[in-house]
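Beneath this line is the structure, given in structure tokens, with notes to follow.
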Amino acid sequence: MLSTVKRIAIPYPRYSAYGYEMLSKDEGQPEIAQRDLFTNAEDATDKEHKLTLFSAIKLYPKAIGWSVIMSTSLVMDGYDLKLVGSLFAQPAFREAYGHRLPDGTYQISAPWQSGLNNGSNIGQMIGLLVAGVLVERFGFRKTMMVALVSVPCVIFIQFFATGLPQLQAGQVLLGIPLGIFQTVSCVYAMEVVPVSLRAYLTGFVSECWQIGQLLATCVLRGTLSMDAPWAYRIPFALQWFWPIPLLIAAIFAPESPWWLVRQNRIEDAKASVFRLASAEKDPDFNIDKNVALMVLTTEHEREANSGVSYLSCFRGTDLRRTLIVMGCYIVTVSTGSTVRAYATYFFQQAGLPTDQSFNMSIVLYSLGIPGIITAFLLMPHFGRRTIFLWGQVLAALTLLSVGALGVAQRSFPENSSISWGIGGLLLFLGFVDNCAVSPILFSLVSELPSSVLRSKSVVIARFSYAVVNVVANVLTPFQLNPSAWSWGAISGFFWGGFCVVGLVFTYLCVPEPKGRTVAELDLLFERKVSARHFAKTEVNLQEMRV
């Protein structure tokens, strides 16, 4: 009951319950009355629950804008992901860097295909680990600025590469800032907007990834008929454009108020919320109460888990949360993300002409835009878990159908309609992924970790994805390359089976975070509520008094 005010002895500086100002270590072991802190946090929680989508857009237009700008860095990640995989289908690139086959055509060998794609993954692993430390020490803005400054320097290596080893070095080094972007973008989006906007802004990260892949495909289609070396150097050179405007924006961007609270900079957190929200448009909005909820949540998490290292992600209730977000990221590989990254090359090996293969890839990534719009329309009516589950069901059925057509193609190799059927299924798979898997993924991995370990949890989850993706990038070229296993479309059976495994994991382990504040999610995990019962279980912030 509120009549009983809990008083806690604190052996280090904490926040005053009345103004959240810092208390000096010289004050000894102060006892803090928490009545106002809880009252303000409860009021902020009620405000979050009552805030509708359109009211949130009206109240947080600046937060939306800054989140969109920071997420745009993922366009570079999507561009690089698609660029290298598509270059394997470009005649000029294959002739310059590949070897001649007995039939007179040129191919990049399967080991080098795996190596070049995995080069970026290896770099991203390094970047992710670095980002987890830099973000918590220096903040999102400064970490983003350092990464953006490094990108133009690395692109010089790619642009002037005269052989595959130099190109591989460029891929590894470029992967480091790309790994940093992956951490900063989705966590920043999660921390600057209210509950009703979280899914949309974290889902927009997926849209940026999609836009990057679409741009890479369009650029490569436009340079398809050009002679070497400009056919492949121009696509590399265009990467110089993105860092400059983003760097300028990052200089002026507000810092995450959650990060400022974790640094005990309460007044700066209030100033950041003031910059992110248009408080004058809602007389009921109170910055102090908004920050009070962040303070209460952060302090509760610190008491529940005193550590903030990577190892802390695998202790107590955070172990379950970390394993869930790791699994969510790996699910994207199981739904065929690697096959789609090789889409142009896959279409070629499925029997389509080179120009039509590039055209089909453009259609594939163009479908990502209406796919994500569809996801945004579904989110208000269905939970993240429900959409995520059904997306995997459709992906598994589609991949198994691709495998079945691959068998038919072996029996009727002259039937071009089968090749177009395989292409059509891959287009549908891309649409399904963008309306029911990828945008939901970024929501889940941003919402489910605790606030004090969110950056590091996202790093670990993305790192696990990169590890699995390395394996997938080794397997996929061998599956598709005619000079290796030459499975072609039959590889759909392999990925369809993997997708079923991911589907089982999601059903058993992934909870529903829709409509929950960070504090409420903390309580649900502490009570060990099963994934299937998260949506219907009631919680009360008064439980944090215990």
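Yeah, the Cβs are placed from backbone N, Cα and C, and that goes for glycine too.
The domain 'Major facilitator superfamily (MFS) profile' feature in TrEMBL is assigned to 66-514. Model confidence over the domain 'Major facilitator superfamily (MFS) profile' (66-514) stands at 87, taken as the mean pLDDT rounded to a whole number.
Residues annotated as transmembrane segment in TrEMBL: 144-164 (among others).
Look at TrEMBL and you will find 240-261 (among others) tagged as transmembrane segment.
Annotated transmembrane segment per TrEMBL: 323-342 (among others), in sequence order. Here the transmembrane segment (323-342) has Cβ contacts under 8 Å with residues 81-82, 85, 88, 117, 213, 364, 388, 391-392, 395-396, 399, 426, 429-430, 432-433, 437-438, 441, 444-445, 448-449, 457-458, 460-462, 464-465, 468-469, 472-473, 475-477, 480, 491-492, 495, 498-499, 501-502, 505-506, 509-511, 531 of the same chain, all six or more residues outside its ends.
The feature transmembrane segment is assigned by TrEMBL to 362-380 (among others).
For the transmembrane segment (387-408), the list of distant contacts is 328, 331, 334-336, 339, 350, 375, 378-379, 415, 418, 421-422, 425-426, 428-429, 432-433, 435-437, 440-441, 444, 487-496, 499-500, 502-503, 506-507, 510: same-chain residues at least six beyond its ends, Cβ to Cβ under 8 Å. The feature transmembrane segment is assigned by TrEMBL to 387-408 (among others).
For 407-469, the entry in TrEMBL reads domain 'Ras-GAP'.
Feature annotation from TrEMBL assigns transmembrane segment to 420-445 (among others).
The transmembrane segment annotation in TrEMBL covers 457-478 (among others).
According to TrEMBL, the transmembrane segment annotation covers 484-510 (among others).
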Looking only at the domain 'Ras-GAP' (407-469), what are its DSSP counts of helix, strand and coil residues?
52 helix, 0 strand, 11 coil
